[in-house]
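Participant: Below you will find the structure I want to go over with you.
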């Protein structure tokens, strides 16, 4: 096996993605020096996109090759990320998280299965540790720690690694989003039509995939990485670039933490592959593929949840629903998420404009309004998927509640449309209310491309 070493943050790159998957390592803080020599600190392994180099290398095909990355050893990562190695050693390891269960945060966890769970409040109450606290709680309540004989300290360390490798500077793709998706996944795993068939392995896979599905997300989308000739786009041949990176990063952290090292090797290999299948399913470009399969299964009534393959497919659908469930939350939370994701879109658009790149769909703040973007997203992406999920669940109470919120939120966004959209003129995104409900195939493609960060 020939190894190609690349100077970038925390990864070993091999000559093909399969080899690369086995050796991705997520090892800590990195310090980059740009042309000015000023150090820039960031967490995570994702190669820093130095836009000061972008303008001078756009036409050379050598974007990023001038960066010099200083890598730290894995134990240094733990020193920065883990409370254990910062000298905060609990006297009783099994009670490591007691402080996180105190007061209001503990009270909220008792209602973690409720759809109105406020992840923003929970993140504040846990001092920015919502993902770690939530996952430790869910692993415990689902009996996964006992069933898989997981070491609590090792589990906590792994979850800290995952949480720290989300970029807190991203308005949307950050650890709070991961916690929100994980909480939604927990709710879906409790659906009566699904819950009675799930094994402990299914539950662990669902929760881990939800927690890590966007790990180390750079805050820009796949088309941006492709047109800037980013090395990850080349590595994964412009296919599910971010999702492949999220998956392989998760594998790296699992291996580095040794969370599953005590399990049989065949079992750990199977877990790694199934995590990949789940995370890759979140690629929005595969939306029609999964939606068509789900419709066919429901039409033919041939889903057999006793079959591990059918259960895995439903876990993929559940994760896809959890990933885009924000429009199905109560208006106050849904609106906040919508504003965050659009802020991330507009940041990318501003960078593209600054460096004279074509502005990606839905990323032009001068032309695309938040209401029009959200109406298009709900119409073409969210509604079709959640209608079929409701069919699978037999119109469960949760499914009906989500569809009710979705209809209400869509009406709210329509009422906030700029006047030119309401009158049928101007505008980016998906246009006015009528066009949002009866759009063209081109508009659907634009929305699909635009929601891909």
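From the backbone N, Cα and C atoms, a Cβ is placed for every residue, glycine too.
Nobody curates TrEMBL annotations by hand; they come from automatic prediction.
Since the structure is predicted, the reported quantities are computational estimates derived from the model, not experimental observations.
According to TrEMBL, the protein has these features:
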| type | residues | note |
| --- | --- | --- |
| DOMAIN | 97-420 | domain 'PDEase' |
| ACT_SITE | 173 | active site, proton donor |
| BINDING | 173, 174, 175, 176, 177, 214, 323, 374 | AMP binding site |
| BINDING | 177, 213, 214, 323 | Zn(2+) 1 binding site |
| BINDING | 214 | Zn(2+) 2 binding site |
| COILED | 281-311 | coiled coil |
| REGION | 418-453 | region 'Disordered' |
| COMPBIAS | 423-432 | compositional bias 'Gly residues' |
Participant: Starting from the Cβ centroid of 177, 213, 214, 323, which together make up the recorded Zn(2+) 1 site, report each further residue of the same chain whose Cβ lies within 8 Å of that point, ordered by sequence.
Facilitator: 173, 178, 181, 210, 217, 282
Participant: Quick check for the class: what is the C-alpha distance, in angstrom and rounded, between the residue listed as 'active site, proton donor' and residue 374 (AMP binding site)?
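Facilitator: That comes out at 17 Å between the alpha carbons.
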Participant: By Cβ count within 10 Å, point out the most packed of the binding-site residues listed: 174, 374.
Facilitator: 374
Participant: Please average pLDDT over the coiled coil (281-311) for the predicted structure.
Facilitator: 98
Participant: For the C-alpha pair, I'd like the distance in angstrom between residue 323 (AMP binding site) and residue 213 (Zn(2+) 1 binding site), rounded off.
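Facilitator: Checking the Cα atoms of residue 323 (AMP binding site) and residue 213 (Zn(2+) 1 binding site) gives a distance of 9 Å.
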Participant: How many other Cβ atoms are found within 10 Å of the Cβ atom of residue 214 (AMP binding site), counting all protein chains shown?
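Facilitator: Other Cβ atoms within 10 Å of residue 214 (AMP binding site): 25.
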Participant: Using a Cβ cut-off under 8 Å and a sequence separation of 6 or more, which residues in the same chain sit near residue 176 (AMP binding site)?
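Facilitator: In sequence order, 119, 120, 123, 130, 131 meet the Cβ cut-off.
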Participant: Can you count the other CB atoms that lie within 10 A of the CB of residue 175 (AMP binding site)?
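Facilitator: For residue 175 (AMP binding site), the count of other Cβ atoms within 10 Å is 24.
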Participant: Just the number: how many Å between the Cα atoms of residue 175 (AMP binding site) and residue 213 (Zn(2+) 1 binding site)?
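Facilitator: Given the Cα positions, residue 175 (AMP binding site) is 10 Å from residue 213 (Zn(2+) 1 binding site).
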Participant: Give the sequence-ordered list of residues that share a chain with residue 177 (AMP binding site), lie 6 or more positions from it, and have CB atoms under 8 Å from its CB.
Facilitator: 166, 214, 337
Participant: Of all the recorded positions given, 173, 213, which residue's CB has the most CB neighbours within 10 A?
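Facilitator: The largest 10 Å Cβ neighbour count belongs to 213.
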Participant: For a quick check of packing: other C-beta atoms within 10 Å of the C-beta of residue 323 (AMP binding site), how many?
Facilitator: 22
Participant: For the C-alpha pair, I'd like the distance in angstrom between residue 213 (Zn(2+) 1 binding site) and residue 174 (AMP binding site), rounded off.
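Facilitator: So the alpha carbons of residue 213 (Zn(2+) 1 binding site) and residue 174 (AMP binding site) sit roughly 11 Å from each other.
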